[in-house]
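Over in TrEMBL, the protein carries these features:
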type	residues	note
TRANSMEM	48-69	transmembrane segment
TRANSMEM	89-110	transmembrane segment
TRANSMEM	122-143	transmembrane segment
TRANSMEM	155-176	transmembrane segment
TRANSMEM	182-207	transmembrane segment
TRANSMEM	236-256	transmembrane segment
TRANSMEM	282-305	transmembrane segment
TRANSMEM	326-350	transmembrane segment
TRANSMEM	362-383	transmembrane segment
TRANSMEM	390-410	transmembrane segment
TRANSMEM	416-440	transmembrane segment
TRANSMEM	480-501	transmembrane segment
Amino acid sequence: MKTDSFLRGAFVLTAAAIFVKLLGACYRIPFTRMVGSEGIGLYQMAYPLYTTLLALSSAGIPVAVSFLVAERGAVGDRRGARRILWVSLLFLFSTGLLLALSLFLGAPYLAREVLGDPRACYSLAAVAPAVLVISVVSAFRGYFQGWGVMWPTALSEVLEQVIRVATVLLAASALISRGVEFAAAGAAFGAVTGGCAGLLVLVLIFGRFERSRPLLKGPGRSGFLLGDGLKILKRLLVYAFPISAASAVFPLMQAIDTVIIPNRLQAAGFSVQEATSLFGQLAGMAGTIVYLPAVFTVSVAMSLVPHLAAAVSRGSRLEVRRRIGAALRITVIFCLPAAAGLCVLATPIMELLFNEPGAGPVTAWLAPAALFAGLQQTTAGALQGIGNTWLPVVNLLAGCLVKIACNYYLTVLPGFGIKGAALGSSLGFFLVFLLNFWFLSLFTGYRLQPDCLLRPLLAATIMVAALPGIYNLFYHLGNAAATGAAVLGGAALYFAVLFLTGEIRVYEVRRILKR
């Protein structure tokens with residue numbers, strides 16, 4: 001079983017993430033028709049508690065496992081890497097079991113007292129075992145990623161989603177005659193069946209993977225004492241906790257936005273309905289599209305961590321700088337045209353997707369965040385890969401303070417309004433990227449090469465200049481055709497310029513695909 005290259009691993013994870021998101025969006029249509037808005041409500045009620053408990057059980061652990069396994073793998077210590085897996089499995093099984101039982105046994109109380117609908121207890125009880133299953137799955141995924149092998153994670157994610165969606169539709173169809181609450185519970189159980197399918201395929205791949213690579217270093221099984229396990233667990237938790245804290249910042253900021261932005265818009269003179277509508281344009285429409293490139297940059301960061309950890313373990317500063325450069329380069333190549341294109345086509349895209357051209361201006365102001373959020377994620381992954389896990393959290397909090405200040409002050413200024421909140425998000429991500437990059441340069445000696453920006457900037461400039469012409473050329477066919485033609489034509493032009501200028505070379509693409 002070959003180790004994936006850094007870029008190939010990122011593309012594999014991205015392809016899986018896109019498939020999972022598309023399938024997750026598509027099944028909602030027939031599912032909603034089966035159970036109606038009431039059934040959807042009961043189904044959705046279970047998920048905030050489920051995801052919260054899952055985060056408590058395992059957030060940050062897969063990246064921590066990946067980092068520690070990569071360290072052991074870099075020096076050929078397969079026995080040490082396997083011990084990290086066993087310790088993480090034992091810890092995640094224990095915490096997952098405890099939290100799953102708590103959710104299952106507490107479902108009636110939570111449904112009645114917290115959610116306000118006793119019928120939701122069926123969905124809560126049905127989804128509870130998934131806390132245990134997905135916690136265990138995350139340990140295996142982190143182990144494979146630590147060895148630089150990304151396709152088991154991708155395959156398990158795809159299979160998990162396919163089985164989950166199949167269970168949702170079949171269970172809802174079979175149980176709807178018994179009541180909408182039972183149909184919602186059957187659908188919620190899809191998280192369990194999907195997780196079990198993902199776990200099964202990971203266990204099978206793990207058996208094949210371990211048989212193909214004999215243990216090379218480390219003491220025998222008798223040398224694995226309780227103290228060794230506690231040391232490994234301590235390192236896992238020390239590394240995972242900051243990552244978990246960082247993952248909690250975004251939901252926290254969304255909650256703060258929900259409080260600050262509508263209230264400040266009302267202070268600026270908007271009615272309650274107008275403020276709510278404007279907030280919906282920012283959070284529900286613009287944000288949904290602008291942060292789509294995050295699907296790719298999350299995969300880049302995930303793939304980057306084990307490769308950097310291995311390079312650091314080998315003491316190869318040159319390899320560390322080379323991989324950071326490659327990650328930033330690929331982030332700019334994919335996120336820059338997304339940001340530039342959204343700035344130009346914001347209004348027609350909003351009209352096409354949401355039938356809300358009025359959301360165009362706020363989307364244009366938020367569009368730079370597509371680039372800066374991507375760069376922030378990549379640089380955060382790089383810092384985690386070299387062992388600095390707290391810095392991304394501190395820098396992210398600094399960016400959040402800028403965002404809060406902009407939300408509070410700019411939204412009440414004439415001429416800004418909701419656009420001030422969008423600008424705050426862009427500036428916040430830009431600051432986080434600058435801080436992350438500064439610390440990366442300080443710790444690794446990496447310096448940004450001009451070519452990393454100049455050729456993509458040239459290609460993006462040519463694309464932006466051509467987009468209005470392409471759109472107007474097809475406008476007589478309607479907004480949908482004109483927008484689609486502009487997006488496809490602009491993307492083709494952008495990548496054509498990159499090929500012509502040598503920023504992307506054919507042999508590089510072939511090497512990634514064939515590896």
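Glycine is treated like the rest: Cβ placed from N, Cα and C.
Caution: TrEMBL annotation is automatic and unverified by curators.
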Selection from 155-176, 182-207, 236-256, 282-305, 416-440, the stretch that has most Cβ pairs under 8 A to the transmembrane segment (48-69): 236-256
Contacting positions for the transmembrane segment (182-207) when only residues 6+ beyond its ends and CB under 8 Å are counted: 31, 34-35, 39-40, 42-43, 46-47, 50, 120, 122-127, 129-130, 133-134, 136-137, 140-141, 143-144, 152, 155-157, 159-168, 171-172, 174-176
Per Cβ pairs under 8 Å, the stretch of 236-256, 326-350, 390-410, 416-440 packing most closely against the transmembrane segment (282-305): 326-350
Stretch contact, the transmembrane segment (362-383) with the transmembrane segment (155-176), Cβ-Cβ under 8 Å, 3+ pairs: no
Contacting positions for the transmembrane segment (416-440) when only residues 6+ beyond its ends and CB under 8 Å are counted: 257, 261, 265, 268, 270, 278-279, 281-282, 286, 324, 361-363, 365-369, 372-373, 375-376, 379-380, 382-383, 386, 388, 391-392, 395-396, 398-400, 402-407, 409-410, 446, 448
